[in-house]
Amino acid sequence: MVARPRVPYFSFFSITLFLSITLSVIGLFPIGFFPIGLFQLELLAPISLPAAYAEKSPLPASSTPLDYRIQCRYFPETTAIAGRVDLTWRFPGAQPLDHLALHLYPNAFRPDSTFQKESSGRHRGYTAGQGDDGEMEVTRITANYDGQSVDVTKALRYIQPDDNNPDDKTLAAVDLPRPLRPGQTLELTIEFHTRLPRVYARSGTAGPFVMAGQWYPKLAAFERYGQRGRTQEGFNLHQFHANSEFYANFANYDVQITLPKGYTVGATGQETAPPVEQEGLQTVRFGQAWVHDFAWSADPRFRLFTRTVTPQGGRPVEVRLYCQKDHVHTADRQLDAVAAALEGLAAYGPYPYATLTVIDPPNDAPGAGGMEYPTLITGGTPNFPDERSAEPDRVLIHEAAHQYWYGLVASNEFEEAWLDEGLTTYAEGKILERYKPDTRISVRFFGIPLLDQPLRDGCPGLFRAALGPWVPDPIRLDSWKFASEQSYAVSVYNRAALALYSLERLIGEEKMRAILSTYFSRWSFRHPGTNDFLRIIAEKAGDPAAKLFQQWLSTPGALDYAVGPVRMVNTPDVPAWTIRIDRRGELRAPVEVAIIGKDGQAQRFLWDDGERYKEFTLSNAAPEAVVVDPGEKLTLDINRLNNYWAKEQNSAAAVRWSLFVASVCQGLMAVGF
Ligand SMILES: [Zn+2]
């Protein structure tokens with residue numbers, strides 16, 4: 001999903017500044033109009049495409065142990081879905097199992113759910129209206145194994161392992177009459193009735209538009225011994241929270257949806273049979289192997305645009321854009337962005353599915369936008385997107401990147417959201433750098449790049465713009481334990497992406513690509529955890545790099561290096577100066593310090609002992625300027641305003657002013673200005 005972190009820079013004055021700077025960047029005003037003093041602004045050349053990862057990883061030849069066959073009917077008048085799931089599960093555990101666990105996600109939209117209590121009916125800037133609730137009722141469950149079919153409907157009980165909220169019905173256990181044995185096949189039939197809310201949080205309706213996400217009862221993810229460090233096999237049991245997304249095992253899906261004629265339906269996977277029409281209704285059928293969820297969307301106003309993309313080293317992918325009728329003039333732009341994403345993602349490995357479906361929600365359903373499902377993403381395109389803006393391209397690229405980390409690697413979004421959102425946000429930045437390179441801007445101070453911040457492409461500068469010094473949470477944390485929605489978004493998206501950028505700049509792009517492509521090829525379809533990722537860092541870039549990254553993930557607090565006091569000290573013979581560099585945040589990193597003398601020459605030092613401060617002594621000549629992290633490797637550094645010192649205080653004021661202006665611009669961009 002796309003985060004919408006709030007950025008605390010808003011005033012008429014700042015907006016005016018933002019407009020001025022932006023206009024200067026695009027050449028409508030001379031740069032000299034602005035107080036940029038010592039700075040050079042330069043447009044950087046596009047970054048060359050990385051070589052595609054050579055090893056192919058198509059869908060596994062074996063079938064999944066889990067199989068969903070779903071038949072359902074959608075009733076537009078009541079926004080209800082009545083359906084039946086026939087589920088076959090070859091039990092993968094090593095010990096007998098005496099219960100099942102089901103996610104009943106639409107119950108998050110019931111008034112007293114944990115999701116409602118935590119979110120107060122607000123989700124990422126969108127608010128539920130009066131009566132915009134939804135729910136799911138399981139009306140009948142039949143379990144068939146050992147040659148016997150048993151009605152287990154009454155054995156369903158709601159469970160609340162995370163917060164003991166008795167009113168939360170998003171997770172249920174079903175006790176089995178007899179234990180299921182390892183390797184045994186269970187057939188489960190679940191009849192259900194879902195009522196979709198008016199959409200404000202991913203799933204729901206808006207007029208004729210339907211976005212059906214997490215709309216059927218889903219078996220909870222079963223984890224084997226040793227998987228993600230588990231000491232005992234079992235289901236991964238979590239309710240649905242305001243700050244969490246999803247986790248499920250891979251399955252084969254065969255889904256039939258009946259709804260009135262006139263609707264156009266886009267869904268996970270491919271259409272596997274022609275629509276069957278009968279008495280004003282149509283039944284469409286979609287299927288896909290090796291996906292861990294199935295979503296569909298319908299709207300009579302959809303216009304279908306397709307484009308076949310063959311990413312380097314991969315197989316052809318049909319991108320299917322279900323475009324709103326009044327957005328058709330944006331269809332090429334939307335398809336271009338998704339094609340660029342697929343081509344960029346090929347650096348990590350091949351996309352193994354034949355389709356990628358893009359749903360374009362109408363303007364009155366923004367809560368459905370910016371979301372990922374297997375082989376299906378939702379965008380967020382306005383009627384008249386600004387040609388110079390990175391939206392809606394950024395959202396589409398972000399959601400397409402999810403296909404790799406959420407869709408194929410499929411990490412646990414309840415407990416380790418950073419693994420998906422962080423890698424996705426990082427990949428989004430890498431792709432945007434290449435897709436919209438023309439607006440990338442570097443700001444230099446004494447010839448040393450202080451900020452390397454794109455105003456329009458969403459890369460490290462933009463990710464950093466949303467950071468606040470108030471964030472105390474570690475990046476890796478159970479999603480519902482973050483202090484706030486803001487802290488969750490800033491940590492698992494922005495700080496995680498900045499940590500990955502920092503790692504890349506310390507170890508080099510080549511090693512970083514090797515880490516990500518190995519992670520992708522080794523762990524696709526296997527649900528890895530953070531430690532599996534860290535092991536690959538150690539393998540490709542050494543133990544110290546893995547330990548450093550682990551510390552960034554697990555330490556509450558910020559990374560913040562700063563220039564402390566610079567003083568002249570009296571020594572018996574020659575004058576000397578001491579320069580103190582401070583580590584003001586809890587996080588540590590190897591940091592470079594450049595001390596610039598009168599002749600403009602820089603002496604560079606590396607400080608890496610993890611202490612709170614370090615003093616450097618300079619004799620004979622006074623320093624003209626001091627810059628911490630002059631190569632801007634540590635993009636995770638929360639405050640770059642304190643990374644420099646200049647002898648000439650006027651120039652320091654100019655620097656501070658210009659950096660403030662730059663951060664205002666970033667802030668405005670981050671809220672989609
Ligand atoms: Zn996302």
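Glycine is no exception: its Cβ is also placed from the backbone N, Cα and C atoms.
Zn(2+) binds HIS398, HIS402 as TrEMBL records it, and from the list GLU416, GLU421, GLU433 the residue named for this site is GLU421.
Within the same chain, residues at least 6 positions away in sequence whose Cβ sits under 8 Å from that of GLU399 (active site, proton acceptor) are VAL2, GLY370, MET371, GLU372, ILE377, THR378, GLY379.
Cα of GLU421 (Zn(2+) binding site) to Cα of TYR493 (active site, proton donor): a distance of 5 Å.
Note: HIS398 (Zn(2+) binding site) has non-local neighbours VAL2, GLY370, THR424, THR425, GLU428, i.e. same-chain residues 6+ apart with C-beta under 8 A of its own C-beta. The distance from the Cα of TYR493 (active site, proton donor) to the Cα of HIS402 (Zn(2+) binding site) comes to 12 Å. A C-beta separation below 8 Å, combined with a sequence spacing of at least six in one chain, links HIS402 (Zn(2+) binding site) to GLU372, ILE377, ASP420, THR424.
Report note: the Zn(2+) site is defined by HIS398, HIS402, GLU421, and the residues of the same chain whose CB lies within 8 Å of the CB centroid of those residues, excluding them, are MET1, VAL2, GLU372, GLU399, ALA401, TRP405, TYR406, ASP420, THR424, THR425, GLU428, TYR493.
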